[in-house]
There are 2 protein chains.
Amino acid sequence: MTDWKAEAERLDKADPLARYRGDFLLDDDLAYLDGNSLGALPRATPARIEGVVQEEWGKGLISSWNTANWIDLPQRVGAKIAPLVGAHENEIVVADSVSVNLFKLISAALSMRDGRKVVLSEPGNFPTDLYMIDGLEGQGLAQRRLAERDGIEAALDNDVALLLLTHVHYKSGEMFDMARLTKAAHDAGALVLWDLSHSVGAVPVDLNGAGADFAVGCGYKYLNGGPGAPGFAFVAQRHHDGLQQPLSGWMGHAKPFEFSDDYRPAPGVDQLLCGTPPILSMSALEVGVDLMTGIGIDALVKKSRQLSEFTRAAMAQALPELPCISPDEPERRGSQLSFRHDHAYELCQALIARKVIGDFRAPDILRLGFAPAYVRFADCWRAVSELRDILESGEWQKAEYAERAPVT
Amino acid sequence: MTDWKAEAERLDKADPLARYRGDFLLDDDLAYLDGNSLGALPRATPARIEGVVQEEWGKGLISSWNTANWIDLPQRVGAKIAPLVGAHENEIVVADSVSVNLFKLISAALSMRDGRKVVLSEPGNFPTDLYMIDGLEGQGLAQRRLAERDGIEAALDNDVALLLLTHVHYKSGEMFDMARLTKAAHDAGALVLWDLSHSVGAVPVDLNGAGADFAVGCGYKYLNGGPGAPGFAFVAQRHHDGLQQPLSGWMGHAKPFEFSDDYRPAPGVDQLLCGTPPILSMSALEVGVDLMTGIGIDALVKKSRQLSEFTRAAMAQALPELPCISPDEPERRGSQLSFRHDHAYELCQALIARKVIGDFRAPDILRLGFAPAYVRFADCWRAVSELRDILESGEWQKAEYAERAPVT
């Protein structure tokens, strides 16, 4: 039997990323394994936000659009995200939410595949991805088709305009082979839109290497942009000229301050800007992104895999009664592991009471996420050992752990 | 000849709202007449944001969705905006940007007027309003029609699904008679969507009194929500049941945390939520809204009219060569005055150099806004006297004042 506690200590000591935990505001006794839902607060963020609020807004007032370069934030932060996902700097812009960006890019894809209306996805995809297809279906512009993941390639027929998949599944952690599915879609004459919400900053993503057409991603998970941070959108350079999408707001106009009556899209991804961007939230996102690019994606990926692999092995040995539904091979999963249990909700609450924060996904999944910038191997071992204790002692049966909060 | 300086002093002394200027971070020697573009920073905002960042995000982490009630912010702030615009608390929600909310509500209106596709507006409306009609026209779902304001009622025929107007014109400050135009649209079988971006918090708005169907509004002008603060959306209660719009994101689902494959809209305006809301920006907005509702809309409107009327009269006497293009009667205009001059841009820059902040709107408009919560009559007089000095001295001809910034 492996001494997992000693092994965790050994790995933490050897961890080249260990020093980055101090860049986040996290109590030493907190095992935060939910950075895949809401990333931790970078220590540099409060000062930056105070500066944006007090100096830029408070003192600079309206002039800060120019003097503090608020106007360039969407492109600047987009360019910084680019190296994390294998994109060129001019292919990404930060704007709105993931949901709104999905709407723009599904629309853009449909307009490039005249005569085809089917948007193909998988059942159980993150809901907002499916709902945004529904929205366009309600407009009569799209037709939703779902195929189980092993049937996706077979479902790619001549009616499919777009394949829309979440690269790393939010619930199972399973990761698609981006290059293979992109090629399959292209072979069928369809375009591909990848949702990188559970990927960016934690797993290897090479959008251009895979030949991807479109992508969206989330700012508040591994990018540590804060609650409800704006999302980002990627459009491959070869599609910039023909790009067309219906959320044609004034900030996406070629010359917004000409106040013309007629919409003329800005070049490239700039047309994906719609309304005035939320500067406070976007500034916080920039701090989080700077931290991730400072560490570098290769080091992040390497540690992410070590963390999840350590946890998977320790859980399998210590708690074989809790089946892991995530793939066994690190290169086939994201930076998370999901375990099935009939009382996953109660287990999760009991863990939280012990300062081990994971989360629950209905109906029966306990999800542990491994944000490589600040999670320690000792945190992973604590999750395993506390969980074993909670199960063996029956503590999870306490009535208080069954009470449901509005957001679970 | 009136002694306007003395009159300003008298009015400031008698101003029951004078004490509220201290609630904003504004230098004493700054005449900030651009609150109609970006509202000033409430002194309470930095502490609130620090709390949201450090305590709620930093320490509460993911649990703050419940414990800090992040999940209720959109409805809570919406309910607080309601009394400022004559709405019921359950008729307003804060979400996304004005542009995105326009898209939702134009779509909603079109779906309620089957067979009609025309969206009627006026040329020279704020661009994003027109561009969002263009977006739906590009989808084949809408048809844009523009009529000059004196021809709007004549243009309301059987093809018009929706009349979309900005209540107070961003450039001229002219205010529509909301009740009259709403009735005219209804008489023609059309619905009405009012853009309150330049109205809310400064002019009397009675959405339900006028029988309005839909409205949107801006959080970063008179509501002092900070740069790019989220917008709000209003739907009259009678339309809640039939409401349908295409930006069907997961936060607008009846049960978002069931993670169902199929979209089922939340009741009422809650379905207008789309993606995860930007909590930092939305929290800042709440502080600004609290300040405005604390003062009360009647007092704000009264002072707004006094300020603009004082300025109009002083300008007319001191600088008759600068024609005011805003209506003469306070009840026919918003909380701003616009003056035409061939060198309006340079005049504006020269004013800014003297710490009198107004703004320029292409091609030839100098715009002065009167945010009643913090603008003093002395500020208005300073604008007039500095402007006279800048014109008489020829100072505006300095080369530096002609240099154009990206955001003008």
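Glycine is treated like the rest: Cβ placed from N, Cα and C.
Around B:D129 (pyridoxal 5'-phosphate binding site), the C-beta neighbours below 8 angstroms that are at least 6 residues distant in the chain are B:L102, B:S121, B:L164, B:T166, B:D195. Under the heading pyridoxal 5'-phosphate binding site, TrEMBL lists B:S99, B:F126, B:P127, B:T128, B:D129, B:T166, B:D195, B:H198, B:Y220, B:W250, B:T276.
What TrEMBL records for B:K221 is N6-(pyridoxal phosphate)lysine. The Cβ of B:K221 (N6-(pyridoxal phosphate)lysine) lies under 8 Å from the Cβ of B:G35, B:N36, B:S37, B:L38, B:G39, B:S197, B:H198, B:V200, B:G201, each of these being in the same chain and 6 or more residues away along the sequence.
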Same-chain residues six or more away whose CB lies under 8 A from the CB of B:T276 (pyridoxal 5'-phosphate binding site)?
B:M251
Out of B:D129, B:D195, B:K221, which recorded positions come under 8 Å of chain A, measuring Cβ to Cβ?
none
Tell me the Cβ neighbour count for B:D195 (pyridoxal 5'-phosphate binding site), meaning other Cβ atoms within 10 Å of its Cβ, over all protein chains shown.
27
Just counting, how many other CB atoms are there within 10 A of the CB of B:Y220 (pyridoxal 5'-phosphate binding site)?
28
Can you tell me the three-state DSSP label for B:P127 (pyridoxal 5'-phosphate binding site)?
helix
